[in-house]
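Participant: A single structure is presented below for examination.
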């Protein structure tokens, strides 16, 4: 007994194959277009500038080793790209001293930055009675007695690039801003109420990674 030939069944299989090939081809073309646009535009990473730091409290106790530091930071971010926008998401900012975090992280608002646009943030950073290691306490005490303390203002979170209606995958951003705080006349600050404000205009290091 032989199998009956069915031309309609064969035509149906050919149609399914053609549709599958067309879909795969369309996806490949879309991927190539995205890669070409990405390669041509080649987004530059944003530029961050630490403008000033206002010190409301910076007190170190030795028994036990506790640090209280209350600051307000003003810093700016610039998108240098002429055709690419940037979404900033879940950006946290905190202060550290010799790689030890000394304030709680402050969450910055989700922000979209247009082409060659500027954004300025002025968050408060709080760290009340933060325990510090004995060797850090000794180093910080020596720096304060020497009249100059270098803090690291760190920003970390995520960003996405936007080209037209297309939005990229999520990338990680890490920003490091050195802040030199004077406890002498080496760096001039000025009184703001009970606080001291320091104009720094310090360029920050920016790293972008997957």
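Glycine is treated like the rest: Cβ placed from N, Cα and C.
I grabbed these lines from TrEMBL:
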type     : residues : note
DOMAIN   : 74-177   : domain 'Late embryogenesis abundant protein LEA-2 subgroup'
TRANSMEM : 19-41    : transmembrane segment
Participant: Summarise the domain 'Late embryogenesis abundant protein LEA-2 subgroup' (74-177) as counts of helix, strand and coil residues per DSSP.
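Facilitator: Each residue of the domain 'Late embryogenesis abundant protein LEA-2 subgroup' (74-177) counted once, the result is 13 helix, 62 strand, 29 coil.
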Participant: Over the domain 'Late embryogenesis abundant protein LEA-2 subgroup' (74-177), what is the model's average pLDDT?
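Facilitator: Taking every residue in the domain 'Late embryogenesis abundant protein LEA-2 subgroup' (74-177) and averaging pLDDT yields 95.
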